[in-house]
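Here TrEMBL flags 524-698 as domain 'STAS'. Among the features that TrEMBL reports, transmembrane segment is placed at 72-97, 103-119, 126-145, 165-186, 198-220, 240-264, 276-297, 333-351, 411-431, 468-493.
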Amino acid sequence: MVTLRKQYAVARPVYSEDSFAEDHEKIYRQRKTILDHMKEYLTCDSKRAKNAVLSLLPIIGWMRIYRVREWLLGDVVSGISTGLVAIMQGLAFSLLASLPPSYGLYTAFFPMLTYFFLGSSRHISVGSFPVLSLMVGAVVTRLVPENGPPANITGFEGLTPDQQRVLVASSVTFLMGIFQLAMGILQVGFMVVYLSDTLVSGFTTAAAVHILVSQLKFVLGLTVPGISGPLSLIYTLEKIFVQITSTNICDLVMSIVIMVVVFIVKELNDRYKAKLPVPIPIEVITTIIACGVSYGFNFEKIYDVDVVGKMVSGYESPIAPNMEVFQESAVEAFPIAIVGFAVAFSVAKVYSIKHDYTIDGNQVSYIYINPLKPKRFLLLNIFGASFRSFAASTALSRTAVQESSGGKTQIAGLISAMMAMIVTVALGFLLEPLPRSVLGALVIVNLKGMLMQFREILYLWRRDKPECVVWVGTCLGAILLGLDLGLALGLGVELLTVVFRTQFPRCSVLVNIPGTDLYRDRKDYLHILEPKGVKIFRIPSPIFFANIEFFRDKLVEAVGFNPLRVLRKRNKALRKIKKLLQKKDDAIAERGVRDLLHQMTDEFCMNVEDTELTANINVPRVDLHSLVLDFSAVSFLDSSALKGLKTTLTDYLRVDVDVYVVSCDACVLEKLRSCTFFDDEIGTSMFYPTLHDAMLHVHGLSALQLK
């Protein structure tokens, strides 16, 4: 079937940048100064004050339009479903943070309660997140090891080991919140763009491996001390395999059964989610059954199963963070803040796209998501840490449950928090016989999504090898060196790939596609029109100090000669001829000298091979009369590139090659003017708005007339 294509014809003058400026007057905009921005930022009126209050407390806005009959039932069902998941995840992820399970319930309550008042998204569910829990746990294990004395911190005096761990976890979380608050105030939300999807995928996959290994001791019923630092995963595996013969069979069998059952039911939930009103809360069901069986058969005494034990009843008084812990953990707290920021931003992006609202990275750091772009002055983690909860963030799994089960507003989040409060205050004792191996099994089975990301290696290798290097480098670095150093290594590898792409771009020689005003890489097409004596060179990246020499080398490779060498040889030949003329050497014919001088002063349109004259004088010939540089992809030039570019253009002009620069960005052109780039040799007349304008100028309208 023949595709009918629309035709277009344009009749206009051939423009250079100078002639275009003559025919079309440009508006020169007055840019705001820093003082203007400050005045605008600090100016306040009644409307702005009202918006500030509504943005600080979004609950005022959405509560006024709450549709009780339409939304309340869905919020209640969603809140109960999400609350059950949050409670189980809080208990399980507290093991990752090396804390007593009851403090996981704190993390399921305080951050969610804060978000109810300050959160602007109706779909986000906040609470414990496995990667952050593991990173906090690494600090807790380092400062309060299971075997050995704790760190020399004054605030530890008179506290039990569990209380010391809680103090460390809450202090690290508080410091993490301070870092995130600073990121919001300083408007550095752009930092999240450096955490690409590839890097985050590799990092979270490595975190899943760490989480899996950390839970093996609970699943196998072994006593393995927590280890932190580089190669901690290897050392942990070594200690596990040394004790593998001491595996508690009851723990192992129970964990395997629970993992199989939970996995199967979760798959059924995914397959039939369109038909199920709410997902089957299999984690809650298995936890209740495991508690009952453990209590009925006295697993703790008969089978030596490690259980949750004494649960803290009610809420303890707030505590202040410890400044010595701040000093000891600042290096770890910053990457935890970055990861929490990135995770929250990623989840925010998913739901902003799905529900058609915008997000702002600078606002995410306040309350993680901000469709209305409000300013926040308190963070979830700062408030939660004051009440002994550990690092919280959004989680795609809980958020998916809250949304899919009918949640319309943060009333669902409030009900979820209330359920955690009820368990903490009244029902916590029922969880005391729960085997820790059950919690470990629930953690492992929930790692499926992150572990399946290993499949991305083959996909990336086939489609984008530098991205694959970033993924593998980040994942291996985080596995072997630890999550904090692994994140830094991943960022380094990612930035190196960016440098590599910009420092060594894929330059190309363009040719005309016959019958069109289009120009493409000559290596990609069979039917092309390449005008004789003209070269079109394109560099698809900014030009700066790191790639200016690469640009010059590729340009020499494209045109087939080095203009500086040609100029030197010509000058050398001219000096020899002058000396021979002064000596009146009869070996040089008068006509040969006259022809040579003619070649020296006029344009060279001859073969590139050298011409050998009498007296062994060689003069390089150049078959190029016009060089066109396509700058359509050049977004900026730095000072080093300006100097190198000017030298390059001058070299070609001095060997009688006309140079044209086309499709130059207006900002780049303005910078060339402001940096006194133009002089007697290099003028603005060399610049053309489009490539076709320059080619029509070079060869005349009839040579490239559209067919």
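Positions of Cβ are set from backbone N, Cα and C atoms, glycine also.
Between the transmembrane segment (276-297) and the transmembrane segment (103-119) there are fewer than 3 Cβ pairs closer than 8 Å, counting only pairs 6 or more residues apart in sequence, which means the two stretches are not in contact. Within its own chain, the transmembrane segment (103-119) is flanked in space by residues 56-59, 83, 86-87, 89-94, 97, 125-128, 166, 169, 312, 315, 367-369, 376, 378, 380-381, 383-384, 387-392, 410, 413-414, 416-417, 420-421, 423-424, 428, which lie at least six positions past its ends and keep a Cβ under 8 Å from the stretch. If you take every residue in the domain 'STAS' (524-698) and average the pLDDT, you get 81.
For the transmembrane segment (468-493), the partner stretch with the most Cβ pairs below 8 Å, chosen from 72-97, 126-145, 165-186, is 126-145. As a quick check, the transmembrane segment (198-220) and the transmembrane segment (72-97) clear the bar of 3 or more Cβ pairs under 8 A, pairs 6 or more apart, so the two touch. Beyond the ends of the transmembrane segment (126-145), by six or more residues, the same chain brings 86, 89-90, 93-94, 96-99, 104, 107-108, 111-112, 115, 119, 151, 153, 156, 161, 164-165, 168-169, 172-173, 203-204, 207-208, 210-211, 214, 225-229, 232, 325, 328-329, 332-333, 335-336, 339-340, 343, 368, 380, 390-395, 398, 413, 443, 446-447, 482-484 to within a C-beta distance below 8 angstroms of the stretch.
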